[in-house]
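The next block holds one structure in the form of C-alpha cells; read it before the comments.
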Amino acid sequence: MLKSLGEKIFRLYCHPDFAEDILGDLEEYYEHNLNVKGQAYANRKFFIDVLLLFRVSLLRSNWLTQNIIYTTMVKNNIKVAYRSMMRHKFYSMLNLLGLAVSMAACIFIAMYVKHELSYDKHFPNSERIFRVANYLKFADNEFNLPTAPDPFAKTVQEEFPEVVRAGRTRGNTSMLIRVGDQYFQQPRITWADQEFMDIFRFSLISGDKAHLLDEPNTVVLEESTARKFFGNEDPIGQTIRVDNTTDMKVTGVIADIPENTHFDYDMFISMLNREDARQNFWLSNNFVTYVELQNPDQQAAFDGKMLDFLIKHMGQQVQQFMGADMQEGLDAGAMDIRYYLQPLKDIHLYSSLDFELGETGTIQNVYFFSIIGAFILLIACINFMNMATARAAIRAKEVGVRKVLGSMRHQLIGQFITEAILNVSLAMVFGILLVYAFLPAFNELTEKSMENPIFGTGGLWPYLLLATFVVGLLAGSYPAFILSSFSPVKVLKGQITKGKASKWLRNTLVIVQFAISIFLIVGSLMVYQQLSFLQNKQLGFNKDQILIVHETQLLGEQLNAFKTELERNPMVEGASVSGYIPATDALNDFPFLREEASSPDEAVSTQNWYVDEDYARVFDIELVAGRFFDKDLASDSSAVIVNETALKRFGYTENPIGKRIKTLEGVVNNRSETFTIIGVMKDFHFRNMTTNITPHALFLGKSNSALSIRFAPEAAAEVVDYAQNTWDNFAGGQPFEYSFLDQIFKNQFRSQQRVKTIFMVFAILAITIACLGLFGLAAFVTEQRQKEIGIRKVLGASTFTLLTLLFNNFTWLILLSAALAIPLAWWYMEDWLSAYPFRIAIDPLIFLAGTAGVLIISWLTVGYQSLKAARRNPVDNLRYE
Amino acid sequence: MKGTQLGEFEELVLLIVGVLYPEAYGLSIREEIINQTKRKVAIGAVHSALSRLEDKGFLKSELAEATHERGGRRKRIFTITAEGKKALQKNHELRNSLFNQIPNMALKLAKLV
C-alpha cells in the first residue's frame, strides 16, 4: 500500500531517465529489508526514501531547470537594450531625463497623498473614536461647529450604553510658563479631561495612565516640551507656574503626537481647572468632544437618538434663555439643531466646519494631485512611446534580421519590454535620487517633515518597485507590439516607410501633452492673479507700520503707564490696547437684535470686539457717520460702533446714530442690555480676505491681551528696540513677544501661496517634460526630412520658407491642444474661484497668453533643430548616402 | 569551468565507484559507503550525487541487462571517466602535498591537545 503510493509519487517527480534504475535500487533494498526486518519496516523505509529522493538533480525538467535558458535570454535582452541605448546617447538621455523627473514628481505626489490619507489612523482603536459635530440654525444665523456644550460628554457617557467613554478638550492657546527661574512662552496648550487621554491612549513615556489629568492643577507634557522645560531631569512630580498665577504638577509625559493628527497640542492642563467646564450650560458650544463607541457600527444608532436626547436636556434651557419651546421651534423650522458623530479618520479629509482645530485637507485635493501625478507620468510614458515608435525605422532592420534568424514574435516582445523596463528602472533610480535631493524644498512647501519617505519604515519602495514594472510594461508594450509585427521581407526590402504608420498616434500624444501643459500654465496664472488681487485689495484699514506687543495682560495695572511711556516716543504715532486685532481670527460671536424686536428670531449674529478709544486712529478705520469712542464721556460705556453690514441687518438704514440694539439674552422678559449706536464704520475685512464681511460691532471695554503701536515710516527697528526696553522696565524679566501686522496678514495667504507654488512647479514640470519630448521628436522628424529639405533648398526655397514648413505641423498640434485645454481650464478655474467671495473675473487674455507662451517655448525647442537643418549646405543633406 | 569542483561526498562516491568496478550501481555504492565509513546515507543522497557527477563528466553510466530480481528493472552501472580519474588524482596529490607541508611540530602538538 505505502509502497505503491510511494512508487506513484516517485514517478510523478522523477526524471524519466533515472526512474528505472532508481526504482530498481529501491525495490532491491525493499526486498532486503523485507527479509531482514519485516514488511512494516520495509514499507516505511521505502516511502521515506522516496521522499528523500526529491532532489533538484533528479527532478523532471521544470521551471527550475529551464530557468537556466531563460536567464541567458534575459541577459541577452539586457545587453541589446544597453547597446541600443548607447548607440543613441542623445535620445536615450532625453528619455531618461524626462522619465526620471516625472518619476520624482510622482513620488512626491504619492508621498503627499499617502500622508494625507494617514491622518489619525495611528491611534489604537481609531475606527471606534468619533468627534461630535453640529449644525445649528436660528433665524438667519447658521453654524457648523466641531464643538459641543460642556455637559454633553458626561451625559452621553451616562445615558448611552454604546458609549465606552467621552472626553473633551477646549482651547489652543499660548501661555507664559515659569520653570524654576526660567520663563517660556509655550504655545499649543489645551485643557483636557482624563477621559480624553483614555480615548486616544497616547504612548506614555512616564506617569500613571489612569491618573494623568484627574486632579486639578495637573499637566501632561509632550516629550519635546518636557525636555525643553526640564532638560534631562525627570519631569514627573515637578512644579511649573502657569501664567504667573497657578502652580501645576507634571503628572505625565507622552511621546510627541505624530504630525498626521488633526490636532496639535504640546501641553495638556486638567479640565478640572476650568470653571466653565462644569457649568451645565447647553446653549454654548465650546468643547471639542470625542466619543469612543463599543463598535464603529453604532454611529448611526447614536445619531438617531440625538434629537430626543437634545430635547430632553436642552429644551428647558432653550425655554429659559430664549423664551421658545424647542420642540415647537424645530417643528416650525424656526430653529434647527442637529448633533452628529464624525469618524475620527474622516476629520482631516472630509470635515470643513467653522473653526476646525487646524488646517484640514480635502479629499478633492487628494484626488486632484493623484490625477496630476498620473498625468505627469502619462506624459513621460508618452514621450517614451513616441521616441520608440519614431525610431522604429532604425530598429526595423534589427527586427527583420532577428525574425529571419528564427526569433518568435513573443521573444521580440519580451526583448522590447525588457528594454523598456530597463530604461524605467534606470529612470526610477535617478528619480529617487532627485526626490532625496529636493526633499527639503518639498517639506517646506507642504509644511511636513518627512525624512526617509522611500526606504524608511512604511516607506514607498514596494510601490515603486511595482510602479517600475507597470510603467515599463505600459511604455514598452506599444512599441513592442508595433515593432514585433513587422514582416521581415518588407523590412529588409526597405518597404517600411519610416515610422509613418503611427504618425497619427504620435500626433495625438503630442496634443495630450501640450493640452496638459497649457491647462497647468493657465491655472497657475489665474491662481497668481487671484492671489495678488486679494493681497492688494483695499482692506478698509491700514495694516502697514503696526507693531503688536503680545501678552500685555502680564503687566496688570501697569499697562496704562506702559502705553503712556510708549506714546512719548516721537516715532510712535499712536497706541491702542485691545486683544482684538484684524486678520488674527480673534473671534467673539454674540447675537444682537434691533431695539423694537420682540422675538429671538430676529437675532443677528455679530462679532463683538472690545477696544479702547485710540483703536480707530491706530488702525486707520474710516467712519461713515457719527464719532468714535471718547474716554471722557461716561455714557460711552453703553455705546456701540457698528459696521455697514450690521446696520443693514438691523434694518437701520436711515439716521442710524442714536438708534439702539439689545442683547439676545433676556429678550423674552424684557431684560436685555441695550447699547446706543454712536458711529458707523465703513466695512473692513476684519477677519480675512477669503470670507465675506459679516456684522461687526465695537464696544469700549477691557481686552488687555495685546497692544498695537502705529509707528512712523522706516522706524520699525527703532520702535521695536524702544518698545522692548520700555517693556523690560515694566515687566521684570517676562519675555517680550511682538509681531508686525503686515506679516500676520501675509501669513494668512499661506494656503493660497501654496496652491500657487504647487501649480507653478507642476506647470514647469509638465512643460519641461513635454518639451523634452518635442525636442527629441523634432530632431527625429527633421532628420527624416533631410533629403526633402536639401531638394527644396536646391530648388530655391529660402531658410524662412523651410522653417515655416518645419514649424507648421507642430504649431497646428499645439493650437489643437489649446482648443482642448482652454474649456477644461475655464471650467476648473471657475469652480476654484467660486469658493472666494471676492474674486477676479476670468480674463480671456490669460488663455491667449498661456497658449502664446507654450507656442513660443515649443518654437524655440523645435527651432534649434530646424534652423540647423534649414541652413545646412544642401550638398551635405543629399550626400549622406 | 564552474561546477567541476569535487565536493567531499562526491569525491567519496567517485572513489567507491572505482572500488566497486565493474559492479557499481546505486544500491551497491550506498552499501559500500556505509560499510567503509560507517556513515548513514540515504538512497536519495547517493543518486543525487551520482547524477551531479555524471553531469560534470566524471562518471558515465549504462543500463545493464535486465534480470528477474528488482521487479525486472535494470541496473545502471557507473564507471569513472578519464576526467573523473584526473579529478581524483588532482585531489589526491593536493592532499598529499598539503599534508607533507605540515611541519612535524604541528602534528606533535596536535597529539597533545
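All positions are counted from 1 along the displayed chain.
In case you wondered, yes, glycine gets a Cβ from its N, Cα and C as well.
It should be emphasised that the depicted structure is a prediction, and the values quoted were computed from it without experimental measurement.
According to TrEMBL, the feature domain 'MacB-like periplasmic core' maps to A:92-302, A:515-695. If you look up TrEMBL, you'll see A:371-487, A:760-874 marked as domain 'ABC3 transporter permease C-terminal'. Per TrEMBL, the feature transmembrane segment maps to A:93-113, A:366-385, A:412-439, A:459-483, A:504-528, A:758-781, A:802-828, A:840-862.
Against the transmembrane segment (A:504-528), stretch A:802-828 has more CB pairs under 8 A than any other of A:93-113, A:459-483, A:802-828. The stretch from A:366-385, A:459-483, A:758-781, A:840-862 that makes the most Cβ contacts under 8 Å with the transmembrane segment (A:93-113) is A:366-385.
The recorded stretches the transmembrane segment (A:758-781) and the transmembrane segment (A:412-439) do not share 3+ CB pairs below 8 A when only pairs 6 or more apart in sequence are counted, and are therefore not in contact. Sequence-distant contacts of the transmembrane segment (A:802-828) (same chain, at least 6 residues past either end, Cβ-Cβ under 8 Å): 507, 510-519, 522-523, 526, 774, 778, 781-782, 785, 789, 792-793, 842, 847, 850-851, 854-855, 858-859, 862-863, 866-867, 869-870. Against the transmembrane segment (A:366-385), stretch A:459-483 has more CB pairs under 8 A than any other of A:412-439, A:459-483, A:840-862.
Only residues 6 or more beyond the boundaries of the transmembrane segment (A:412-439), in the same chain, are considered here, and those with a CB under 8 A from a CB of the stretch are 73-74, 77-78, 80-82, 84-85, 92, 95-97, 99-104, 106-108, 384, 388, 399, 402-403, 450-451, 453-454, 464, 467-469, 471-473, 475-477, 479-481, 483-484.
Assigned with DSSP, the residues of the domain 'ABC3 transporter permease C-terminal' (A:371-487) fall into helix, strand and coil as follows: 95 helix, 0 strand, 22 coil. Within the same chain, residues 103, 106-107, 110-111, 114, 377, 381, 384-385, 388-389, 392, 395-396, 399, 412-413, 415-417, 419-425, 428, 432, 452-453, 501-502 sit at least 6 positions outside the transmembrane segment (A:459-483) and bring their C-beta atoms closer than 8 Å to a C-beta of that stretch.
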